[in-house]
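Here the structure is laid out as structure tokens; the discussion comes afterwards.
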Amino acid sequence: NPYAGLVSHLRASWLSRKTRPMEYRVTQLEALGRFLDEKKQVVLEATAADMGKPPFEVELSETLLCKNELHETLNNLSHWMKDKQVDRPLATRLDSAFIRKEPYGVVLIIAPWNYPIYLILGPLIGAIAAGNCVIIKPSEISKNTERLIAEALPQYLDKDCFAVVTGGVQETTRLLENKFDYIFYTGSPSVGRIVMTAAAKHLTPVTLELGGKNPCYVSDTCNVPNVARRVVWGRFFNAGQTCIAPDYLLCSLEMQEKLLPALRAAIMEFYGPNPQESPDFGRIVGDKQFQRVRRLLCSGRVAIGGQTDEAERYIAPTILVDVQPSDPIMQEEIFGPILPIIIVANMDEAIDFINSHERPLAVYAFSSSDKVVNQILERTSSGGFCGNDTLMHVTLTSLPFGGIGNSGLGMYHGKFTFDTFSHHRGCLKRGMGRESLNAPRYPPYSQKKFGIVRATSKVTRKDDCTLL
Amino acid sequence: MERMQHVIARARAAFNSGRSRPLEFRIQQLKSLERMVQEKEKEILAALHADLHKSGPNAYSHEILGVLGELALAMEKLPSWAAPQPVKKNLMTMRDEVFVNFEPLGVVLIIGAWNYPFVLIMQPLIGAIAAGNAVVVKPSEVSENTAKLVADLLPQYLDRELYPVVTGGVPETTELLTQRFDHILYTGNSAVGKIVMAAAAKHLTPVTLELGGKSPCYIDKDCDLAVACRRITWGKYMNCGQTCIAPDYILCDPSIQSQVVENIKATLQEFYGEDVKSSPDYERIVNKRHFKRIMGLLEGQKIAHGGESDEASCFIAPTILTDVSPDSKVMEEEIFGPVLPIVTMKSVEEAIDFINCREKPLALYVFSNNKKLIRRVISETSSGGMTGNDVLMHSVVPDLPFGGVGNSGMGAYHGRYSFETFSHRRACLIKDLKMEVVNKLRYPPGSQEKVDL
């Protein structure tokens, strides 16, 4: 077990209790803030090298989101760490009942390649805030960022409590043989199963942030140019390599005809006449992924885009029409800059289509009618939902972010991350006096004792009188 | 096996029909459950007596009372639990609707245990119904009378398609676990917990595992020993020790060990009289297998009190062991029986270290007049839950989450936590299609200006 030494080193640090005081956690978190500021240029270079990530996107989706999490956490940490007092039933009214948030111990964060900074730091901030020791496993596919994380993080964080492990499938498999107290995994459903199976051997709780095909329904009544812009933005951000990107569009034939020119206009507005030359359009992360996405272009017919350049791993922002549900592009999460349009007769058909597939990470619905948006919300199930926009629901730290069914289990962001990495321990402190009050619960039993037990164990209602 | 698949498919179809979602429906089902508990009280108590020799008052207060309380709580609070929760907005979303929707997960599975066979099915079931799910209920076959009763009664009171009961033993449960569920709540032991989680992993099914462990009980020199020992005796020997949060073993200074024994002996006399076997308030071990297992733990031990047994009736007298070695068999596994080992510790530091080099337990108990010591024990150990200066009681505070950590489990339930366990918190953001000008800030082409804003 090549990682046994590392894990036991971290476990020893954990047992030394050094990660428990708030001051320690704040110091580590502030160091992460300095990492984001001081390594900004290196991050831009690494993500550009990995997937041609436009600097503008890095700012919005990596740096800004991390900073939000950091600030939210630092602003609220002392409040989150406090014991939460709770109401007590009559029998325990004179006692102190509270929930103590405790770190789990040594936790593992496995991150993907598509938002390599945000998807490490997001969970990491919460794990540190909650008082854990952490092993970070960045993705080997975004190899420049992997190297950056492996070299830089140890310069900022306490090496005894936080470690980075690099490597591929083999290394991750060996790493998963160890016992962790929590595992946070972001990636695909198939690997999610492997992670959870490994976790089961040690009864390790997990959060799995997975993926799926996020449907985007556009109703017949809507502001077409605005819809087009929001959809284009969400689909082609990071060249489509976003777990919550709108994966496919559902609309009527009528709407498709109106949308196509608007989509074309939005693409032109954002990326210019030749997106390959735009500094604001990314590339596919690797050759394998490029081949996979390019193969999907054969579904239906290319209405917009379709150009590719293998040397650059460039795939143009593409819209496909005449796509059938049985086409290859509808069998897997696209994770690329291609948006297929599936024709549905009406909203009900769209809802049935969505519900006949695995529950996705996000559902999107565009309509000027509140009623339509609400119908889609109420009659479908997904990790999250955004009406009349794409992606934006994940930018709020007050909303939980997670999947359901095949798209994942658990949730995080903001306080939810802190809670994810904490054990909520139910505590009751009683006094040794007033033993006579306990008498009714002890054997030997009698009807009278029993009546008192009944009365004092009932759930309190607001106007109950107290015992005294 | 085919029948089982059919039953689950039917539950799924029933869930997909949407009828378990309206609050009125859920409350009506919960009301029906309440009626069931009230109308069939005699039958329920009889089943519990047959399975565990549980007396009427005992069974009522440990099983039925709790269930009625959870039902009342759920029915009262459901509208507020299920209401969409608005959350804090930021500048960009100031004009939008931002909220969390609590939605049912779908078809969930509840696997019960045999020691509190009624409440350990009912309490999760209440939460699962309240959250709007279809529920497959699998009571423990070990408590066979209660299993049979649950299988008979639930279909008489609840929607038959949405809430089927599946009975059977290991082969049936194994088969059940190959099917796809949207959440599994399992109560039982850690070994089977691993099997349940591994099966769930195949379908990416979230799990709540309510497991067990050895719940330590530290008695400080500075405490009212008579009171402490009365409370410990109550919690330890309740249900003949077959309680997941029973104080499993005692840690105390050698100088008070014999006093502890004397106090417990006196309390046992008070509770069960001279002849424990004839007390109607003392239960029995659930079956011969567990009887033999527990008796085996007594080998080589110093029996300070008790030790008598009768295999035919699965009776084991309340037993206390002294000067127990940490390496002995009785200190390896969860006892789940009326045997109380005392391991001596020279200091609270030693006790804390002892507790910390073992698996995290489901519960932890500490008795002391010294508040600082209690605070210290809490902050330097970890456990599912804990009670200071009493035992078991944290599990009856409805607003405290009940669950384990590490080997003692994952997830929590009771009260509102049951509802949340069986719900999906769906993040919702609803914007309007106007105000596009605000969005321009985020669209390419990028610029430093936009970034700075």
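Cβ atoms are placed via backbone N, Cα and C, with glycine included.
Neighbours of B:E210 (active site), defined as other CB atoms within 10 A of its CB across all chains, total 25. Per TrEMBL, active site is recorded for B:E210 (among others).
In the three-state DSSP scheme, B:C244 (active site) is classed as coil. Taken from TrEMBL, the feature active site applies to B:C244 (among others).
Summarising the annotation, TrEMBL assigns coiled coil to B:23-50. For the coiled coil (B:23-50), same-chain residues at least 6 beyond its ends with a Cβ under 8 Å from one of its own Cβ atoms are 56, 59-60, 63-64, 67-68, 71-72, 74-75, 78-79, 82, 117-118, 122, 125-126, 129-130, 132, 145-146, 148-149, 153-154, 156-159, 162-163.
Residues annotated as domain 'Aldehyde dehydrogenase' in TrEMBL: B:3-425.
The feature transmembrane segment is assigned by TrEMBL to B:98-116.
Packing against the transmembrane segment (B:98-116) from elsewhere in the chain are residues 8, 11-12, 15, 20-21, 51-52, 62-63, 81-89, 124-125, 128, 131-140, 142-143, 146, 173, 176, 181-188, 196, 206, 239, 242-244, 286, 336, 419-420, 422-430: each is 6 or more residues past its ends and has a CB under 8 Å from a CB in it. According to DSSP, B:E210 (active site) sits within a strand segment.
Mean pLDDT for the domain 'Aldehyde dehydrogenase' (B:3-425) in this predicted model: 97. Distance noted between the C-alpha atoms of B:C244 (active site) and B:E210 (active site) is 9 Å.
Its own atom aside, the Cβ of B:C244 (active site) has 28 Cβ atoms within 10 angstroms in the protein chains shown.
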